[in-house]
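Chemist: Marked as domain 'ATP-grasp' by Swiss-Prot: 147-352. Per Swiss-Prot, the feature ATP binding site maps to 179-234; the stated evidence is sequence analysis. Annotation source Swiss-Prot lists Mg(2+) 1 binding site at Asp305, Glu319. Summarising the annotation, Swiss-Prot assigns Mg(2+) 2 binding site to Glu319, Asn321 and lists sequence analysis as the type of evidence.
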Amino acid sequence: MLLAQQLNLYILKGEIIMKKIKIAIVFGGQSTEHEVSRNSVTSILKNINRDKYEICPIGITKEGKWFQYTGDINNIKNGQWEKDNKNKLENGYNVLFNKEVELVFPVLHGLYGEDGTIQGLCKLVGLPCVGPGVLSSALCMDKIYTKYVLENFKFKQANYVVVNKFEYEKNKEEIIKEVEKLQYDVFIKPANSGSSVGITKAHNKEELLKGLEEAFIHDKNVLVEEAINAREIEVAVLGNDDPKAAVPGEIIPAKEFYDYEAKYQNENSELLIPANIDNIKQEEIKELAIKIYKLLGCSGLARVDFLMDKESNEVYFNEVNTLPGFTKISMYPKLWEASGKSYSALIDELIELAINNK
């Protein structure tokens, strides 16, 4: 009987029947990546195996209201689900707090989704959650603290300066002088944002000042990094204690760098899968990705991004994304597809990893 429960089976009239696992798939949210989340979850809902799972979609509006949604999946992608009052039930919170589901699959990009917030909620109510836990999610979300940790372990990174809004407003000239010890061009990044939201590239002091003001809209702490003439390489990592890496991919941005528009609105950006690098370098990058994944305490999944110098081929750590984009054309699932794992099989494995991640 215990074995049957572990395998999610029950017996009906002498036949072994697989009991469906009830999963809450949470989407939307209050971050600037709300629309990205809707795209990702639409793809997941269309490809998840309904023979294995009973799905309970839970949408969070930009205002922070939770609803269970039972209507047309296509209404999620275009945002019309919020107006579909007939299929919008005001019990989104209760589904989790009353443990009406067995597992939570958060498809919430950015703040309140991959920063440890919903992971903490799941831990509090005792529900398994797809992806990394509270600490690793929070750590990887903050670009500055991720850099501090990996710097301690001697991983190569671009030269950088951290700017705090309060200190900047008190000592503007002094801080600009410190930042300008870096060589232009520089990237200016809010510490906690994904999908390149709020990121700008500065070629001079005037653009630096504008970029800092833009970044401070999104976060009080900002990372200013020296730009490297580099190729953008991304690695999909999957697993708990013994993670594996897919073939690396490369991004050829349509613009000067891979900002929000280039990612989601400009169809001229290219994804090269696998990246056009030799096998020895591919293995080196995959090993680096797995080391970083384990050092940061990740589980389930993450995408580890690197910069590879176009002249020296030196590899520099860029960032970790613990809940990467999940449309069928997103890099993370496409890298696994190129490595022999279908989109549906990837979803299955993520759910299994969450269940087994004690």
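Even glycines carry a Cβ here, placed using N, Cα and C.
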Chemist: Look at the binding-site residues Glu207, Glu214, Asp305 and tell me which residue has the greatest number of other C-beta atoms within 10 angstroms of its C-beta.
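Modeler: The largest 10 Å Cβ neighbour count belongs to Asp305.
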Chemist: When the Cα-Cα distance from Asn221 (ATP binding site) is computed for each of the binding-site residues Asp305, Glu319, Asn321, which gives the smallest value?
Modeler: Glu319
Chemist: Give me the non-local Cβ neighbours of Val179 (ATP binding site): same chain, 6+ apart in sequence, Cβ-Cβ under 8 Å, ordered along the sequence.
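Modeler: Val161, Val163, Val186, Leu208, Val224 - these are the non-local Cβ neighbours of Val179 (ATP binding site), listed in sequence order.
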Chemist: Which of the listed binding-site residues (Ser193, Thr200) has the least company, meaning the fewest other Cβ atoms within 10 Å of its Cβ?
Modeler: Thr200
Chemist: Express the predicted model's confidence over the domain 'ATP-grasp' (147-352) as a mean pLDDT, rounded to an integer.
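Modeler: In the predicted model, the domain 'ATP-grasp' (147-352) has a mean pLDDT of 93.
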Chemist: Which of the three DSSP states, helix, strand or coil, fits Glu319 (Mg(2+) 1 binding site)?
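Modeler: The residue in question, Glu319 (Mg(2+) 1 binding site), is strand (DSSP, three-state).
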Chemist: Rounded to the nearest Å, what's the C-alpha distance separating Glu319 (Mg(2+) 1 binding site) and Thr200 (ATP binding site)? Just drop the number here, would you?
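Modeler: About 16 Å separate the Cα atoms of these two residues.
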Chemist: Whole-number Å distance between the CA of Ile228 (ATP binding site) and the CA of Asp305 (Mg(2+) 1 binding site)?
Modeler: 14
Chemist: Quick one: of Val186, Ile228, which of the binding-site residues has the smallest count of other CB atoms within 10 A?
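Modeler: Output over binding-site residues Val186, Ile228: least Cβ neighbours within 10 Å is Ile228.
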Chemist: Would you mind pulling the DSSP three-state label for Ser193 (ATP binding site)?
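Modeler: In three-state terms, Ser193 (ATP binding site) counts as coil.
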